[in-house]
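Chemist: This is the structure I have questions about; it appears just below.
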Amino acid sequence: MSFKEYKNLDYAQVADEILSFWKSNEIFEKSITSREGHPTFTFFEGPPSANGTPGIHHVMARTIKDIFCRYQTLKGKQVKRKGGWDTHGLPVELQVEKELGITKEDIGKSISVEEYNQKCRETVMKFTDQWNDLTEKMGYWVDLEDPYVTYHATYIESVWNLLKKLYEKGLLYKGYTIQPYSPAAGTGLSSHELNQPGCYRDVKDTSLTAQFKVKNTEKSTFLFDAAGSEVYILAWTTTPWTLPSNAALTAGKNIEYVLIKTFNPYTFLPVNVVLAKDLIKNYFKAEAENGDFDAFAAADKKPQAIPYQILKTFKGSEIEGVEYEQLMAYVQPEAPAFRVILGDFVTTEDGTGIVHTAPTFGADDFRVAQQNGIPAIVVKDENGKEVPLVNRQGKFVKEVTDYALEFVKEAYLSEEEKEIEKAKQGRDKYLSVDERIAIQLKTENKAFNVQKFDHPYPHCWRTDKPVLYYPLDSWFIKTTAVKDKLIALNKTIQWKPESTGTGRFGNWLENLVDWNLSRSRYWGTPLPIWRTEDESEEVCMGSLADLLAGLKKALESGKLDAGQIKGNEAFLAAAAKGEADLHRPYVDDIYLISPNGQIMSREADLIDVWFDSGAMPFAQWHYPFENQEIFKANYPADFISEGVDQTRGWFFTLHAISSMVEDSVAFKNVVSTGLVLDKNGNKMSKRLGNAIDPFETLKKYGADPTRWYMITNAQPWDNLKFDLAGITEVRNKFFGTLTNTYNFFALYANLDGFDPKQLGSLNEANLTELDRWVLSKLMTLIAEVDEAYAQYEPTKAGRAIQDFVCDHLSNWYVRLSRRRFWNPESAANGLSDDKIAAYQTLYTCLEAVAQMMSPIAPFYGEWLYKNLTGKESVHLSDFIQVNKSLQNESLEQSMDLAQRICSLVHSLRKTHKLKVRQPLAQILVPVLNEQTREQIRRVDGLIKTEVNVKEVNYLDDASGVLSKKVKPNFKALGPKFGKDMKQVADLISQMNAETLANLEANSVVTMNGFEIGLAEVEIMTEDMPGYLTASEGGLTIALDNKLTPELVREGMAREFVNRIQNLRKDSGFEVTDKIYITIQEGPLDWKESINEFKSYISQEVQALDIEWKNQLEGATEVNMEDVNLFVQIRK
RNA sequence: GGGCUUGUAGCUCAGGUGGUUAGAGCGCUACACUGAUAAUGUAGAGGUCCGUGGUUCGAGUCCACGCAGGCCCA
């Protein structure tokens, strides 16, 4: 066989060619079918939303996914990976609305739900072509032929099945969350609606700082001890109407609070109050601190500044659990309430640093109350249903007797209504509920401060009235009930990086609230729950078959009206044709009959799209309706990977659903990847114009350099500062070097007819030290790379491969081995054992590198592998095994010494302007032990050629010319001497030759009473007089720079060789061309040198003869530093 | 405001369990090399290891408090 040789390799073109090869030979399919019956490695693809175009960060994310799937395939696993599309949800809806120029208001009016959903269905797969294109071009292997699609009926049916299972476990319930609500419009508002311009307006509200009276319990003893009398906690609110609903007070864990002795400013009764230290200034005048309490109490007309005194300072965590008396006791809670809890949303920006908490009227309040087991203050309506103290019209319920059926906000009253109320109140001005509550509390010694407060407050865009934060119905999954299970299972997952699992995800699980499933939208998976109007009966549908059965039963009952019958029949007809659409509006038109004969209609909600994607382990296979075997073999996943932003998204929903339904993790290993930023560390965005087009990048640089750059530049979980210049660097440095190395191999292997099919496996007997060394390095590399991939550390793997190729293989092995390959030898005579060993070694390294790099650079790895081996595909091969017999630690150390010695000699030559072409007599290496001498001796041949010296000689103690130096070994001294270390270190540094000799002889010496052992010092050699010396890291070498006439002449011969080689090259001769050299008579010293080294020169430049002539026509003038020679070469 | 995370040379990054002289690549400067050559070698310049305290004989590394950037949440 012959190896292809390349000039100016275009990596994008390589990718193109390999891609079409893969396609026409179905290599991806084979990589799976060829592993039939092997253990599976399961990967779950997090579905991208196809309604946007892919970006460069998708190349990053998918490279990570691809690497480990390819690696596991090499390790013999069968790796099925089904692609998928996330197709439901708000982004799709918004895009459709933008395209059609409509808003949510129009749905059901100017456009039917049916038409709208049809449009969503069309839009959502809009960019699939682009996605598929990117997937292919970047070399990401995933099954695009048969992806799962979340809007397909089969997918939805599986989702319903999961919901049914949760329902049966009692984990699905209807409850409420606090959402913006417009009582005037009678509707909830989305955050989207609330963020429209003009919604937030400045309003003047009554703000009130209330005094909550602390109960004297164990928790609060320290307060009472300091105060000696009643203690009140101060909490501030801009919505006094929520005070009857107060259930807790929330403090900040790390906020500093104070207990202050002072007077109530309205009743002038002495009080002790608690508030945040930073906010004292908002309530007290600094000059009144430690004022005259007695004088104030005695004064008839009270002075402006109320005296106060700080009694105690403490952290929020110290008042957790302190109980207090209910402030406005209209309605009693069903469980213990009225205590201090901690919340992370508390600030010291306004108020008192303690937040009045009404679970029914604030999202934070609701959440923190739920987490702390604080009940909401509710009453039962006429149906026995629990409702808050304010009804949906915005009026107090009758139980709040003093304000029964009054609007809680003044803005809800019309002018006429205000007049009527004014009359009722018997005042000359209407006073709002807030104002009257303030007055009431003032007189009851429960208000510490009341004032008007300007702040922005959200208003309903339809009615212009302020919104309330109000509990609205939602369907929930009771994740709090399985919190412990979620936490326990999470501990079995390997997270990369670990902190995402323990920190971000772990903390999230610790603070879990129930999963709100409900979405009031149109395009999504409908909640499969039907209820009777009085909510006494309900059913959850777990399959299409169940639904159809229920639907038929309803038709047969004869209780449906004409419209209902029509809807049911239409659905039945569609289902009969296999076209049942489980979306709205069709499912909305289905009516069922309860066991008690009542009509049931569907709960209008759609479910959170995150449930869709979290359901994919099941729904991608239409489990349990189909593919039960495939599901069992591919669940749970061995590996998933997505952006760290998915922690609370997909990672959570996968984990939650699996934990609840299967009592299992959904994935065993997860890599959460960082962001791809621009080269300056800014977020990429189309708007800013700093987004990188993935297609252009792949086209210009090729997929392999792009992938390699992304993986080796930063750890996957760190943010990547993406710089195109970095790809260029990787391309030149790594891929360029590797391609050069391959080309070098190919060039000579072709000349010599080396055939790996016959000679591909190593014959260890013929290996040189250099061969053994690079193979030992290779074995170490294989082990390292295997481990790195297995541990989901692609960056380590890539960097290790890169270092091997550039530093060890190319720059040392090949550079020092070139001469062996040049050695002219015709194929006809058979190759020498040495040459075969060289080819085998280089071939072995290249083949292994091709395979190890192939998960990261799949096209190039394939290209290299195929060029080398002629086999079908690297991706169908088995991961190379470490051959332990080739590992040689001592040889690696030897070579390390050789490299350091060469580096030192080069450095000396450089500083003393001694060209490498000038041979020198010797270098001297001081060695303090026999082992080092042997280690260097093994490789001194390499050193001699590399730095062009005739001898490597060793100096030991016996030579008497060594001057030694001793340094303290701090690591050993520290533990032994501790505080006396400095003193001992000084003693060692000042040790004289005699003491040192003593130490060496006895292994121990005592100085100033300190016993110093041999292991506690480092002994090294220093300068040698008469030579050029250099040292580094304990290694010293001396260069003998004395030139003999003989050495000078050899140097001249080498110079001449150099010029002839240049001439050959300039003349365009082939490497194999033999030449004749003719030189015009000239300087005698040059003639002498050239003649003396004629055979050496001839061999080097492949000259058949060198002759001298008096006159030479058409000769080339060659500069030899001091003189010029006229030379002619011909074939 | 909270959780997590990052901060080391102009740039991108390495720096097990603390050990005194902090490294690599790229870039820059100079020189050398020239049958791998749009490569390569050598040398040089370039560092408050984000800051401040603390623990220690000794801190880039451990602890505390900050500062700046990022992500998620509020």
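Note that Cβ sites are derived from N, Cα and C of the backbone, with glycine treated the same way.
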Chemist: Need the matching range: TrEMBL marks motif ''HIGH' region' on one of A:48-58, A:114-124, A:422-432, A:499-509, and I'd like to know which.
Modeler: A:48-58
Chemist: Can you count the other CB atoms that lie within 10 A of the CB of A:Lys686 (ATP binding site)?
Modeler: 9
Chemist: Would you kindly list the residues that approach the motif ''KMSKS' region' (A:683-687) from elsewhere in its chain, counting only those six or more residues past its ends and only Cβ-Cβ distances under 8 Å?
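Modeler: Here the qualifying positions are 55-57, 675-677, 722.
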Chemist: State the mean pLDDT for the motif ''KMSKS' region' (A:683-687).
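Modeler: Summarising the motif ''KMSKS' region' (A:683-687) by its mean pLDDT gives 74.
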Chemist: Going by DSSP, is A:Lys686 (ATP binding site) part of a helix, a strand, or coil?
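Modeler: Reduced to three states, the DSSP call for A:Lys686 (ATP binding site) is coil.
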Chemist: Based on DSSP, tally up the residues of the motif ''HIGH' region' (A:48-58) by helix, strand and coil.
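Modeler: Final tally across the stretch: 3 helix, 1 strand, 7 coil.
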Chemist: Which residue counts does DSSP yield for the domain 'Methionyl/Valyl/Leucyl/Isoleucyl-tRNA synthetase anticodon-binding' (A:771-920) in the helix, strand and coil classes, in that order?
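Modeler: With helix first, then strand, then coil, the domain 'Methionyl/Valyl/Leucyl/Isoleucyl-tRNA synthetase anticodon-binding' (A:771-920) has 114 helix, 1 strand, 35 coil.
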